[in-house]
């Protein structure tokens, strides 16, 4: 870890290496889960402990490899780029979460009928006719299959509760 | 008993029953082809609906769905690198590269022909060899099943990909996920954090959809550039009948993969994805040009698709005769039998021969129908669907993924879990952690552990039980062969090379 | 004619007045029947078989809708029933001894007082089976073997803390021998391990062996009387061992059900149970029936809880 403090001297490495972060996350998460095996019976704990220890070990290897690479290649080292467009990714993630929460609160069909055109519009598909048609076919099709044919319940609409 | 087979035929050929199989195959292809929906989910949704139906109509639909979905899963696996079903993961290894090279149409044709052949082989085995193979299943106690699982894990060596550290991390993560839930042997709850929903472990569909379907959906929305018809959407249009002759050279793979698929099918609890992984790996080991695999080798598609369909009817052998399903889908189908008062066991064959043997015929018809229904028609129309404007496709996949995961157990918890896996899958994908080892680890990790520990309990804690039966000894020899043979062949090759240099 | 219709109208008015004070004529909307297992399991089949008869005997054109909430061996469904409104529009399946055992070995959000006990419909007694190849084919031989190699006889069962496990504890104290439990996940894998001869003996339920009579030795059945599904299996009591145990499946509603709703439901369950068509359907689906209605069911539950507590205190299974 203390190698990291040397890093900011070069402008390149100011952008953190995602592999390094992944390694640290893996070590921390596996280590935390490892602590929870304490109360388990021996045979129950055997495989979880060996897998988590392996993860910790591999995480350390991953970190070490990043640091060695950083040291060797110094300024020329280019880590993997995770996001083409971080804002766009956050937007997508937010809309997925919003959709799922919406389904839980407002019901499946209402939320889906709203989500499909809005998301497709926001992320670049701008044909109003196409949007409405796709929305109608998809949501309507699902409704026909699930409600009429199967009698299968998806989360119920807020106005029917 | 073969007399019973003939007697059952007329009922199967009635219009209603044929119609049920046709509908089933079409529905199965759709379900398999739509990312997020799986055969397990489709059949579990169907079961309550069939309660009042004639049993053969219900079973015919299920047979159709099972076969159709096993092929359908390859469509998005090839075109989008989203396996439509867990068993199509191995199909994407070579199918997607083929699509990128503009050979997606051929990949799908290989897939449909291989699927149908695997399905036919499997149905014939079910019809002709069910009772003797049920005896084979009985040879496999916990000890033997443990060794099969270990054998399956040897496939992981190839799946690790170029970066061994990352590959191993993926595998260990998969195994760890398989351990979540109640440890059935001590009753201790592992990593459930007090959630009842986690007690039974994590359903493979939840993980698969999270890892494989959500990140590409995000990817579709992320693409900033305008949606042009890229290579993957373009299919060649030669008729499937013209394409078949060029596939005949895969006959060895078809045969080998059918045998592997049937074998995995009759083993309790293994499943189509394991069949596909194993047969892909074996086909690759037998190939003259293993280095081309993973870069668009049609034989890889043939291997995986043959065996995941060869697994379908075979999985019903232990299900019908012993009540132990060979795959997750067969487990759900068993519910479909029970709901009609059809209890598995030898008595089922005696008391309801017209239904059991009729069901077997339906499997055969479903497999044959696959060529006609899954050929140009379904394949092309799905290719069209997948050519929808990308933001729209992304939005639709998100909704499908929700339905697919929610409907398995009718609960939101699984959806939240899937979102978590989606996030992990997204970053794994971006950081080039391979995903297949996660799937294999999840399938085999807990499975191997549970059987090992059952075996040890039976042996009174004595590890020598693991090599006590003849079946176990054969399996150990196979495992050693798989591990040792690449090392030996590498040595031999190295020696040859050095001789050449010397000469 | 005029008088007759007048009196009918009067009777209707009276009945309306008397019932609206509690609730308008129950049932007036659909009833959810929560099943804690996936569609197609034994409990689910019982629920689906009973639903149309309940609709018939509750009247008012009510529909009874089966809702599967699988997971945690039924606990998710039972918890949902316990937490539902006690208005008679949510009832659920209830499995003993599992439902009560979970209040001991897990943190359950319900207890024995969380329910109105409606009817127990199925009583599936335990049986002891051995592989066909085994020379242990009578109860006496088993007891002899168990005493001779105490702690070496392996017993296949379908889970921990279920009816088969409780039966084993009873067997263990009745025979004065120890056994090694081999808990498979589900009774079908346990049965297959038995058929393959991988374990010495197994404890499953009678409904799970009737289709496998030629492939297994059945040493006895843990019921008071012989089962009508397999008349030739002797009871343990006949053989001189006081062993009675089984898996029970029934229906409960949340605690605090209005009295008139409760009595209506109880009457409907009684009528359903007496319907010969229903009995045929249950036998066809392999469910051995035995009715315990209302207070009887509650007493049965208390008895099972007591047994579970006793075993949990002396021989905790985890």
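Glycine too: its Cβ is placed from the backbone N, Cα and C atoms.
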Per TrEMBL, the range holding transmembrane segment, considering B:87-105, B:220-238, B:391-409, B:410-428: B:391-409
The compositional bias 'Basic and acidic residues' (B:287-298) - residue tally per DSSP class, helix then strand then coil: 4 helix, 0 strand, 8 coil
When counting Cβ pairs under 8 Å to the transmembrane segment (B:359-379), the leader among B:12-34, B:46-66, B:136-161, B:254-278: B:12-34
Positions on the same chain near the transmembrane segment (B:391-409), where near means CB under 8 A and six or more residues out: 34-38, 40-41, 44-45, 82, 197, 203, 205-206, 209, 213-214, 216-221, 227, 415, 418
For the transmembrane segment (B:254-278), sequence-distant contacts whose Cβ falls under 8 Å of one of its Cβ atoms, 6 or more beyond its ends: 70, 85-91, 114, 117-118, 121-122, 125, 133-134, 136-137, 140, 145, 148-149, 151-152, 155, 159, 204, 286, 302-318, 322, 324-329, 436, 439-440, 443-444, 447
Leading contact stretch, B:12-34, B:46-66, B:136-161, B:313-339 vs the transmembrane segment (B:471-489) - CB distance under 8 Å: B:136-161
Contact between the transmembrane segment (B:136-161) and the transmembrane segment (B:167-186) (at least 3 Cβ pairs under 8 Å, separation 6+): yes
Residue numbers, six or more beyond the limits of the transmembrane segment (B:313-339), whose CB comes under 8 Å of its CB atoms: 39-40, 43-44, 46-48, 50-51, 58-59, 62, 66, 69, 86, 119, 122-123, 125-126, 129-131, 133-134, 137-138, 204, 261-272, 345-346, 348-349, 356, 359-360, 363-364, 367
Per-residue pLDDT averaged over the domain 'DUF112' (B:18-440), given as an integer: 86
